[in-house]
Structure formats: C-alpha cells, structure tokens
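Okay, so here's the structure we're looking at.
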Amino acid sequence: MTAQTDPVPATGDAGVRLVFGGLLASEALKAWSLRSTRWLVALALLLPIGIAVVTVLTGRSAVSSHAEALGAVLGAVADTNYVPLLLLVSFGTLLGTAEYERGAATTTFAVVPRRTPVVLAKVVVVVVTAFLASLVSGLVSFLLCSALVDPPVGLSDPDVARVLAGTSLFQAAAAAIALSAGLLLRSSIAGVAAALGFIFVVPALLQAIPVAAGVWFARTLPGPESTVLEVPSVSSGPGALTWSIVAVVLWTAATVAIACVVVRRRDV
C-alpha cells in the first residue's frame with residue numbers, strides 16, 4: 001500500500017506573480033472595455049501624425065539643407081506633443097476614476113483587500129499603453145515627415161532618438177501621474193486639472209517667486225525637466241539628460257506611492 005503524499009505548495013513568489021499577472025490581465029481588460037479609453041488612445045496615435053505631416057507640407061519649401069530638413073521634421077513632430085499629452089493624461093485619469101464612478105471599486109477591493117497590487121497593475125497598464133502610443137505616433141510621424149523633405153533625414157541623425165524616446169517617457173509619466181490624481185480625487189475632471197496643474201502650473205508659480213530654492217525646486221518637477229527630453233533645440237549633455245530622466249521617474253514614483261497609501265487606508 002503506497003503512502004499518499006501531500007502536494008508541495010507553491011512558493012510565495014510564484015503565488016504573487018500569478019496574482020499580479022491576473023490583476024494585469026483584469027486591468028487591461030477593464031481599460032479596453034471602455035469606449036472612451038479606446039478613442040483617447042486612437043486619437044493620441046493618429047492626430048499627431050496628421051498634424052505633423054500638414055506642418056511639414058506647409059514649410060518644406062523653405063528647406064535647403066540637411067540641418068534645415070532635420071529641424072523642420074523634428075520641429076513638426078515636437079510641436080504636436082501637447083495633443084497626445086492631453087489625451088493620455090485624460091486616459092490615465094479615466095482609468096483611475098472609472099471604477100469609482102461606476103461603483104465597481106468596492107467589488108475590486110473586496111477581491112484584493114491589500115489594494116496596492118490593484119493600483120500597481122493600473123500603473124503598468126497606463127504606462128505601457130501611453131509609452132507605446134507616444135512612441136509609435138512619434139516614430140510614424142518622423143518617418144512620414146522625413147519622406148516629405150529633401151534632403152532626407154533618418155533616425156540616426158542627432159537628437160532624433162532623444163526626442164522620440166524622451167517624449168514617450170514623459171508622456172507615459174504624465175499619464176501615470178494623472179492616474180494617481182484620478183485615484184486620489186475620484187473625479188475625472190478634478191484629476192485632469194490636478195495632473196496638468198502639477199506638471200505645468202505649479203512649476204510656473206514657484207519660478208515666479210524670487211527665492212532661489214523655490215526656483216531650483218520648480219525646475220526639478222516633471223514639466224520643466226521634460227524640456228530636455230522632448231525639445232529638439234535644447235542642448236543637453238549626458239548628465240543633464242540622465243538627471244531629467246531620474247527626476248521624471250522619481251516624481252512619478254512619488255505620486256504613485258502616495259496614491260497607493262491613500263487608496264489602501266481609506267474605506268473605498
């Protein structure tokens with residue numbers, strides 16, 4: 001007679017990975033089940049491409065050198081950044097507020113009482129979606145615009161990689177900040193206003209105060225630091241670029257951490 005052996009329980013790490021993977025799939029499904037989120041991402045992809053192409057078509061007659069062609073193409077791509085930024089901020093905020101506005105947050109938090117994994121899963125969905133949407137839009141815009149100018153320009157030209165990747169990073173960070181604002185305020189309108197205010201208005205107000213420490217602090221915020229990441233004409237060495245990336249990532253992580261703490265501690 002053989003002895004019956006109990007199955008070996010799964011390790012804690014494997015269980016965590018399984019649960020978080022399920023949360024990711026659930027949050028992605030919830031995100032794409034909303035018609036408004038699909039529209040926001042689609043517009044963030046397509047509108048910048050159309051605007052950039054029109055911009056290059058109207059100004060390409062003045063291009064006579066490679067430097068002018070590169071400036072015209074990168075300028076056309078960068079000048080459209082505000083369009084996907086506003087759309088992706090709205091996208092992030094909506095993902096933070098949708099469950100509260102539909103009354104589904106109670107069910108979600110009953111399934112995952114710790115709540116922090118839910119917030120982090122939402123962050124991953126928002127960041128990946130926003131980064132890819134911005135990168136694809138910028139890349140397609142650049143390639144189409146580069147085909148419309150003479151002499152042609154390429155992805156290996158100076159500042160191209162910085163502008164495309166930096167813009168994608170900043171817009172993904174802005175979407176994550178907006179998600180955090182939506183989770184904190186539980187209102188889409190208030191979340192969008194708070195996110196844009198933190199990114200752009202707060203730095204402007206601090207820089208208007210004639211105090212050196214305040215001006216320095218304002219320059220570390222995501223809005224001012226994004227200049228090094230996404231503006232073609234900004235001269236930046238490796239140190240400045242690295243600092244801008246670190247500043248944007250740290251501020252984004254800070255807002256997400258605040259959202260995790262608040263969401264976990266309040267009733268719903």
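Placement of Cβ uses the backbone N, Cα and C atoms for every residue, glycine included.
If you check TrEMBL, you get these features:
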{"type": "TRANSMEM", "residues": "39-62", "note": "transmembrane segment"}
{"type": "TRANSMEM", "residues": "82-98", "note": "transmembrane segment"}
{"type": "TRANSMEM", "residues": "119-144", "note": "transmembrane segment"}
{"type": "TRANSMEM", "residues": "164-185", "note": "transmembrane segment"}
{"type": "TRANSMEM", "residues": "192-218", "note": "transmembrane segment"}
{"type": "TRANSMEM", "residues": "238-263", "note": "transmembrane segment"}
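Between the transmembrane segment (119-144) and the transmembrane segment (238-263) there are at least 3 Cβ pairs closer than 8 Å, counting only pairs 6 or more residues apart in sequence, which means the two stretches are in contact. With pairs at least 6 apart in sequence, the transmembrane segment (82-98) and the transmembrane segment (192-218) have 3 or more Cβ pairs within the 8 Å limit; the two touch. Here the transmembrane segment (238-263) has Cβ contacts under 8 Å with residues 96, 115-116, 118-120, 123, 162, 166, 169-170, 173, 176-177, 179-181, 183-184, 198, 220-222, 225-229 of the same chain, all six or more residues outside its ends.
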